[in-house]
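Take a look at the structure set out below.
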Amino acid sequence: QICNQHNAEAPNLEQAFHRMAQTEPNLDHDVSWFLLPSYWSKMIVALISFLCFANSYDGDFVFDDSEAIINNKDLRAETPLGDLWHHDFWGSKLSSNTSHKSYRPLTVLTFRINYLFAGGFYPIGFHVINIILHCTISVLMVDVFSILLGGLQFNNKGRRLNLAPKTSLLAALLFAVHPVHTECVAGIVGRADLLCALFFLLSFLGYCKAFRENKEGHNFSVFWVLVSVILGAVAMLCKEQGITILGLNAVFDALVINKLNVLELVQKLLHKDKSLENSGLLRKGLLFRITLLMSGGATILYIRWRIMGTGPPAFTEVDNPASFADSLFVRAINYNYYYSLNAWLLLCPWWLCFDWSMGCIPLIKSVSDWRIITLAALWFCLIGLICQALCSEDSHKRRILTLGLGFLIIPFLPASNLFFRVGFVIAERVIYLPSIGYCILFTYGFSLLSKQAKKKKILAVAVLGILLINVMRCALRSSQWRSEEQLFRSALSVCPLNAKVHYNVGKNLADKGNQSAAIKYYREAVRLNPKYVHAMNNLGNILKERNELQEAEELLSLAVQIQPDFAAAWMNLGIVQNSLRRFEEAEQSYWTAIKHRKKYPDCYYNLGRLYADLNRHIDALNAWRNATVLKPEHSLAWNNMIILLDNTGNLAQAEAVGREALELIPNDHSLMFSLANVLGKSQKYKESEALFLKAIKANPNAASYHGNLAVLYHRWGNLDLAKKHYEVSLKLDPMAPGTKENYNLLRRKLEQLQKKGG
């Protein structure tokens, strides 16, 4: 029903569901907008939502995609499927102290299916699914908005009536083209929000089906209420926000199905009015349905809590600085400031950023900070809307405003810091569901303006302009999400004080080999956040490679001083100390790294190199063996073992290690080369030749491969082939050590043979 009748004798539910209330106001009446059949509306919404984000289909894996997808072992076929139910979103055990406790097994399952069907990490399939999901959700929004804006009514055949076809289309279009959704659609990790939204909406629509009269003539169907609870649980298994749909279903039931007047009910409770039993709260079925919803929600939350463990997720101050403030006043002020920024992103989604942490939004520490004005503006608007939602004599207005505020606020509560600390300042992805409430309020405001406006077409053109601008903004933002370079650089103008933005730009440049430019951004990241240990570690690494060892050591020493359990920084500090020939300190740093990260194959590898430099051969071999046990595909560790055993005359052992390595990594040409050298020295010329040729086929431009094969032929007496490969080697690397001397020796020998033959 659209209208809330204010009389003691409310109409029977069955009658209400099958009768159109002629006295109720209709949002569409004064709106100058397109009136289309439902299927046309849905096709248009699907097409436009597709156009907004279509250019992201062939984007790369960016930002968090690396951790959630590429480095997530739960996606691989060798990982048991059951592990998904014991791991967090990033593939870590939920029992781990470092786990973020983000339990989204169904989302990870869809990633795994994507990976298996694609036969590897090919991002196009992941992106296409995200686009399809957003289009599907946008189409469902046509039905959802028709209920929220027009009310829930059925005809005599049990078919739901769309009482607001114009405004539901407008609201669905606003949702479909909102630029703040780009992170969810163009960023593959946003799959969690999309799946959550899909089942969130299906739960709502399922709950609405409970009020379609069945053959027995009951007021509602318990089956569909239970289906709604199950779909809410599925939504939560995609992302935590999904559980909030159960609360929204209860609000919808009270306001729309039972036409409850909240203010009137509160007044009756305060005055202990005897007519309370006739109010909507005690009307047949409402308390039972709300009990089903709440008990279902409590059960789901309890199971979720048991799986997650009793400990909350661990976040750092840089993730959410306001939550670490000592003063309750500072925390409250900044939380409210964050809410106002989220509201602004819904109203004006122009300044978008992939990450809003690390100084992007400085804390408000004093009431003299001008940003306090935004808090006042937010609460002025909210209080005004709440007063209208509670106190307006127009029941139609009360219902729409309350539903709009409910869908705006309730799905946002898990990200509000009110119940637990979250690991971000602002995250555009968490506004995906609350934007439903924004679209309701915007559309209702548009209908009110249309009612007052004399030139309705001008107003409609203005709204079309907003939609068009949003479509273009979505397309632009989607293109920025196609690659990390574009994404990170786009954030520099939005959040120039964000150390993580500069860090990510620097890391992207370093990965591309542009170390000089990377150093500049890493230094700026450290300047903005003097405790940014990851930036110090990466900067120290680059300086180490450029042989600027003193500054590298200073940075890495500071990093481990700030974060004593930072294993990677300890290992890199050990590498620098080894280069400075401070071997005892280097060894200590390596062991400290291993102490903080037990399974650290790269550290064992570097420890082995240290022992080899000190001629502690047995210790070196043990360290490299540990590296290969922890990481069987660690090619460098295998190679070093083979080379050390070869150099110390242990040819049989070197051969055994080489064969073991090639069984594990059969296509590694460097291992083929090392084993071929050993076999050549053992006079197993035929097998050695085969491995050399295989290695050359895999890497034909390696001068050393041709040079050593030439040496093999030289020893073997196959002088013509030896001459050929010496010449190839010298062509590839004229300065190759020893090759020129061996070639000259061969030429003299060939000349002597020619003279003897002559």
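Yeah, the Cβs are placed from backbone N, Cα and C, and that goes for glycine too.
In TrEMBL, annotation is done automatically, which means it is predicted and not curated.
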TrEMBL annotation of transmembrane segment - which of the ranges 246-265, 286-305, 326-345 it falls on: 286-305
Leading stretch by Cβ pairs under 8 Å, where the reference is the transmembrane segment (106-125) and the options are 188-208, 220-237, 286-305, 372-391, 430-449: 188-208
Stretch of maximal Cβ-Cβ contact with the transmembrane segment (220-237) [cut-off: under 8 Å; candidates 286-305, 403-424, 430-449]: 286-305
Folded-back contacts onto the transmembrane segment (403-424), same chain, C-beta under 8 angstroms, at least six residues removed: 100, 148, 200, 240-241, 243-245, 247-248, 251-252, 255-256, 312-313, 315, 319-320, 322-323, 331, 335, 338-339, 342, 356-357, 382, 385-386, 389, 430-431, 433-434, 436-438, 440-441, 444
